[in-house]
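**Student:** First the structure, then my questions, so here it is.
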């Protein structure tokens, strides 16, 4: 029996190498352009404000970077809403236990950092158990239909066809409804509230629900917009249910991929066995030599 694990490892490494090459090809030139443009803006700023020198400007840029790392948006003024009101804190707690971790906000006090460690230590397993239970509830109806389809004793072909059609129709409804609720409709809301394009909203939606969480797009962080108090809390609830649905879709995709690989290698083993059997049958029988004891 040939194991498909080495092939999967090689395929995984090749996929990472392919992604690295494509991202380098797409992003490196743009990064160089933005870096040169930023340096040019700093030179123009120094030329317009001659009372400043380069060292003072670099120090101010460092202050801006530290403010951003602490979750303070440099835009606006001190009247900006707090990042740690209840709605934002609830949203941050959701990003911790779901392991999204946008990176735009993090605890700055030692007590907050220690609490975050223990909160995640117990919260991440709790979140996994919750999502697992929620996924089982979503999958229960599909498993019932699958057992109903595969139930022995159903000899009528027409009846089997109707049951299979009903099963796949339910699967299609499940996938299409989840796609609309968690991937297609939310970008419209984010585009309207945040001012993003639909593509940016869809990008944020998928990056969030897949727990990648780059942090380049985060809801409720624009100081020039007025958000309702429960906006980020509702977003956190949407994230939890979207995580359960997308995790179920990912699990189905992983199972299908494993079954495909196992089936492929199983067919390869059968072909090798058939060739060996055919070769043995085609070879003429060798004369047997009796060696006396």
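Any Cβ shown, glycine's included, is placed from N, Cα and C.
Not measured: the values here are computed from a predicted model.
So TrEMBL lists these for the protein:
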type: DOMAIN; residues: 79-136; note: domain 'Potassium channel'
type: DOMAIN; residues: 180-258; note: domain 'Potassium channel'
type: CARBOHYD; residues: 77; note: N-linked glycosylation site
type: TRANSMEM; residues: 6-26; note: transmembrane segment
type: TRANSMEM; residues: 86-105; note: transmembrane segment
type: TRANSMEM; residues: 111-131; note: transmembrane segment
type: TRANSMEM; residues: 161-189; note: transmembrane segment
type: TRANSMEM; residues: 201-219; note: transmembrane segment
type: TRANSMEM; residues: 231-254; note: transmembrane segment
**Student:** In the same chain, who gets a Cβ under 8 Å from the transmembrane segment (231-254) while lying at least 6 residues past its ends?
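**Tutor:** Here the qualifying positions are 87-88, 90-91, 93-95, 98, 100, 130-131, 134-135, 138-139, 175, 178, 181-182, 186, 193, 205, 208-211, 219-220.
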**Student:** Could you pull out which residues elsewhere in the chain have a CB under 8 Å from any CB of the transmembrane segment (86-105), counting only those six or more residues past its ends?
**Tutor:** 68, 71, 116, 119-120, 123-124, 126-127, 208, 211-215, 218, 220-221, 229-233, 235-236, 239-240, 243
**Student:** Residues sitting near the transmembrane segment (201-219): Cβ under 8 Å, six or more positions beyond its termini, same chain?
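**Tutor:** That would be 95, 98-104, 182-184, 186-191, 193-194, 231-232, 235, 239, 242-243, 245-246, 250.
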**Student:** At a C-beta cut-off of under 8 Å, are there same-chain residues at least 6 beyond the transmembrane segment (111-131) that contact it? List them, or none.
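**Tutor:** Here the qualifying positions are 93, 96-99, 240, 243-244, 247.
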**Student:** I'd like to know the mean pLDDT over the domain 'Potassium channel' (79-136).
**Tutor:** 87
**Student:** Over the span of the domain 'Potassium channel' (180-258), count residues by DSSP class, listing helix, strand and coil in order.
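**Tutor:** Here the numbers are 55 helix, 0 strand, 24 coil.
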**Student:** Helix, strand, coil residue numbers for the domain 'Potassium channel' (79-136) per DSSP?
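**Tutor:** DSSP classes over the domain 'Potassium channel' (79-136) add up to 39 helix, 0 strand, 19 coil.
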